[in-house]
Protein chains: 2
Amino acid sequence: SVNPDLASERLTGSFCVPRLTAVLDGGAERTRLRRAVVDVIESDPVFSRENQYFQDQNERYEAAVRKAVHVRKKMQELGWSKDGPESVYVYRALSGDVAFLLHRVFMRSISMLGSDKQVAKWIPLATEYQLIGSYGQTELGHGTYLQGLETTAVFDINTQEFILNTPTISAMKWWPGDMGRSATHTVVFAQLYIHGKCYGVHPFIVQIRSLQDHSLCPGVTAGDIGPKMNFEHIDNGYLMLKNVRIPRENMLNKFCEVQPDGTYVRHGSQQINYFTMTSVRISLISDEVILPLMKACTIAIRYSVVRRQSKLKPGEEEAKILDYQTQQEKLLPQLAAAYAFHFINNYLHELFDKSYKEIQGRNFDSLPELHALSAGFKAMVTQYCTSGVEICLRACGGHGYSLLSGLPSLYTKILASCIYEGENTILLLQTARFLIKCFTAASAGQPVPPSVTYLAAIKPRKCPAKDKLDFLSPDMYTDAYQHAAIRLISSTAAKLQDLIQSGAESHEAWNQCTVQLVQAAKAHCHYITVKNFVETVEKLESTAGIQNIMKHLRDLFALHGIFSNAGIFLHDGYITGAQMDMVTASYLDLLAIVRKDAVPLVDAFDFTDKSLNSALGAYDGQVYQRLYEWARKAPTNKQISPAYEKYLKPLLHNKLSKL
Amino acid sequence: SVNPDLASERLTGSFCVPRLTAVLDGGAERTRLRRAVVDVIESDPVFSRENQYFQDQNERYEAAVRKAVHVRKKMQELGWSKDGPESVYVYRALSGDVAFLLHRVFMRSISMLGSDKQVAKWIPLATEYQLIGSYGQTELGHGTYLQGLETTAVFDINTQEFILNTPTISAMKWWPGDMGRSATHTVVFAQLYIHGKCYGVHPFIVQIRSLQDHSLCPGVTAGDIGPKMNFEHIDNGYLMLKNVRIPRENMLNKFCEVQPDGTYVRHGSQQINYFTMTSVRISLISDEVILPLMKACTIAIRYSVVRRQSKLKPGEEEAKILDYQTQQEKLLPQLAAAYAFHFINNYLHELFDKSYKEIQGRNFDSLPELHALSAGFKAMVTQYCTSGVEICLRACGGHGYSLLSGLPSLYTKILASCIYEGENTILLLQTARFLIKCFTAASAGQPVPPSVTYLAAIKPRKCPAKDKLDFLSPDMYTDAYQHAAIRLISSTAAKLQDLIQSGAESHEAWNQCTVQLVQAAKAHCHYITVKNFVETVEKLESTAGIQNIMKHLRDLFALHGIFSNAGIFLHDGYITGAQMDMVTASYLDLLAIVRKDAVPLVDAFDFTDKSLNSALGAYDGQVYQRLYEWARKAPTNKQISPAYEKYLKPLLHNKLSKL
């Protein structure tokens, strides 16, 4: 039975939940497909995550390998291809709790960087799990800065082999998933040397474990890098190579090749490597970043209408904590952000698809914009969502801190997204470099990519709002965001120029501006997100009963951003203090409005209880019952600790059973 | 041998490290004592934390119990009393990784709330570990709001007993440390009923496990609440009571008593309960909050001069990451904050000691101020330091995410401090209530406590700074903080009054102002922290060679606060946009200055390698070597997973050992 406090929230919703779910899925047909896949996965006990919070690293790893092998079998049985529409939902339903994700990156890199012959040899073996691959890029001493990788691959013309070596401890491969215990092969990125000359970093296929007994190959040292904040189920590994020889054919050679005589030949453009990274960055935003925030919001908001604490009004019963303004101010902006980022993710995917078509026609013009946006949004969305999940966790008090709430594992996992696939600060600086370039071009009247044409726009210098209601107009706040972005970009460009004109070297000037460049890049991404939310809501016009609540969420997202970054808008007086008070008033009003629909808004995300795996967030709201039931299953309650016999019994006053 | 990049940082320091350490310790004599205690603890293998990152909940619990029993024996042998000067350093050296901390709260509550007779009976037994106590306050359904507790204690006049019951599932005690597996006794907070009348929440001593065989007593259900984000070594527990009878003498009755005939008598003031909470809050700030931030800074800053990545200048060798402005901007403000909070902690302790003396003389006048400050600072410091530790973690990239860095466990532990001993938002609202009251009084010309006399001050309406150097004057920024605090407090007071005058009920008006009240309370605490830092540095005048660097840190802390909360200062034009640019310029300049002394500044915290327990943060900076050595010891490298035989072997292409 559903907790009555939660049930009552569902009676008063101002809109139709299934209709919103369909909008989020991209159509009711997709919703049906997704649910069918979820049913298949969740009804199979092999995929159960029930005991996940009680398992150690060894148990999690074993379960993840089992799932990976089983899911392949299952998909084959059901006739679901690994590139079919069900595939995305399969991995989403597993909540990432499965092995061999890097095996898939291994395959992707061979498909993209390998010759037809290499693809024909390796992909069928990998598809059938006749080998397990990993992807050895990051080293102990080098992450995002790939040019600094130290592993070497020296071409031996006599034997027609590459000799791979790990020359220093910092050159050890470190972090690659599936490498610590599973992989038999890996793509290794290494500095290519021919006749003593370095040709830069290239990818090579290297076998590291025997296919017969899984023992390490000669010259190979490999293992698990030990415990991390999350990803216990993944065997992130280390790898050292000592004079490991691989045939010439094992260098991935679609774009560059070493010929038998040692001649180095490059085919096609180097830029395509850009595109692989870009594609990975965009593909992770939805499942690894936005979905966790949606889950965290679902858990925290459902809990916040079941939890009653203290009194709003003396003499009344204790209040639902979501009725406190401070709790609304914690959670509802995160909910609005989850929607905002869902829509910006759609925008990025459209941009990517368009770019991809152009690239197939050998037109690389859109690459810089796509790269700058994907880098900036990856950084902005991961940072925002990570902080959002943490806010949700804290907003559930002590119970949020229990692993059984599901929130700690969401947090420790999403946190990694700020680091992997490019460290966020470095990514934002790449976006900033693009913005400064475009600003300079736009100022000189030259054409710039579509997303930055606004940099050339001349806008009123003051916000015209006269009343708090004026700030519920999308033009009003979109203009404010645009103005702030232009101001931050132009003022940093000016500082940069000043420094150079007063004699600073350009790299030093750049370094002295980086704190402000990061701010500028964030402001740009924030502006585009608000603008895209506005445009998305306009297109929803025909979806009756949805648009109204979406307008509130859109306004809430926008005004929360102004309220919490007030300095950016007040700085040059574009918004005055009096206007900022209007923003605050409208923002606080919106909290009370959105609060009424908070539960239907998270119900619309349509997560099953199994996918939330949370004692606090289940659909029925029986939080205390579930916490207790789950706690009783903990291993700490199954085993009598030897600590009593060993250390306590000798001390305790055991002459009487009772004092 | 020390990594040369780290060694070179120690040659250029502008001040004497041991002198600063002595200042932090409160004198060179204290430093010697602390180090002697640390030596004793760290040279004893029982206290080793070497394998901590590899242990599961059961192993951690057993080790923690062992340590608790061993440390008592050790202290007895050395003649160190549990209230002596060594005691604080003993627990600090254990880094909290020890059982029976709630046993100590059990003892503290009996000492403070029990009669002389109760103290005489229970304290010696507890001191000798002839019983293990816990402290059962929090319930599944109630945390900070104690009045809502549901556990009942009904007085039975016939048998002269209290009958304790857990009437609902939400009334179950939940979270008390040492309760899940260890405790034989616990203080239980329950609603007292006599002849059907409720007298509110009172503390009772209840036995829950047999002293002979440790089995649960009749009517008692208890166990461990399962896995949490941290505190694996603590058996946080649940407890249900069904008609558990305890003698009348087991109600802690220093301040109130039930007489044999059922008469309820109250002795002395209720306010003293306040004081217990206040004392716990103040006592946790140093060890549980500020020290973890100091450790995180030590780890992240040492790592950031060893880690080299990418190039600042083309053609040069890769740069230390601490030489990037963005990395400085992440870490150095956290370092400054650690010093600021160390000094505000001293201030709070002085205030507390003064208050305590007055209370012993039956003067309770300082209680409201002490309560308001301890609540506000607990909230502000825990929030700031938690976020600071997270910044340090992220600033170490992927390696920060490994448990072996020491940073994840610092983070997951400090995060709890935002929740326990009063949820932060509620605490800030208590501070805000005090501030609004004092503001109203001060406006009416009435006297107010010392820390808030500034609320009556009339100050210039505009910041007079004309140049970026003006912002290196303490008066300049202290006035700005003061002005901002007054503005936020007075404007929220005005909003509150407006709402009430336009007909809102006072509780509803209060709720509608809470987001702003929280801001106001934070601004007040921030102001006091800056002011106290200024005053502390002035007193350091005689400590040659320290004051200069302390001035830089003080300025950095203050300007970072203005830079990152710009909206608060710009709002009414007290600081103009042009002046904010000066703040930014001075702030960025300070980063470059403090960066030079960053390593000596963390060396001065004087943490041993064992206490940091970090592969990244050790004194010698051999980060890659240590990461590798520690990883090899991981249990995932000691056991061949059954996953290979079970799931992989049947699939792998094992006709050839090599493809």
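Placement of Cβ uses the backbone N, Cα and C atoms for every residue, glycine included.
Features of the protein shown, as given by TrEMBL:
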- A:19-132: domain 'Acyl-coenzyme A oxidase N-terminal' (DOMAIN)
- A:Thr138, A:Gly177: FAD binding site (BINDING)
- A:274-436: domain 'Acyl-CoA oxidase C-alpha1' (DOMAIN)
- A:Glu421: active site, proton acceptor (ACT_SITE)
- A:474-652: domain 'Acyl-CoA oxidase C-terminal' (DOMAIN)
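Proximity to chain B (Cβ-Cβ distance under 8 Å) holds for the following recorded positions out of A:Thr138, A:Gly177, A:Glu421: A:Thr138. In three-state terms derived from DSSP, the residue listed as 'active site, proton acceptor' belongs to neither a helical nor a strand segment and is classed as coil. Its Cβ placed at the centre, A:Thr138 (FAD binding site) has 20 other Cβ atoms within 10 Å. Within the same chain, residues at least six positions away from A:Gly177 (FAD binding site) with a Cβ under 8 Å of its Cβ are A:Leu101, A:Leu102, A:Ser134, A:Tyr135, A:Phe231, A:Ile234, A:Asp235, A:Asn236, A:Gly237. Counted within 10 Å of its Cβ, the other Cβ atoms near the residue listed as 'active site, proton acceptor' come to 21, all protein chains included. Counting only the Cα atoms, the space from A:Thr138 (FAD binding site) to A:Glu421 (active site, proton acceptor) is about 10 angstrom.
As a whole-number mean, the pLDDT of the domain 'Acyl-coenzyme A oxidase N-terminal' (A:19-132) in this prediction is 94. Secondary structure of the domain 'Acyl-coenzyme A oxidase N-terminal' (A:19-132), assigned with DSSP and counted as helix (H, G, I), strand (E, B) and coil, comes to 84 helix, 0 strand, 30 coil. In the three-state DSSP scheme, A:Thr138 (FAD binding site) is classed as coil.
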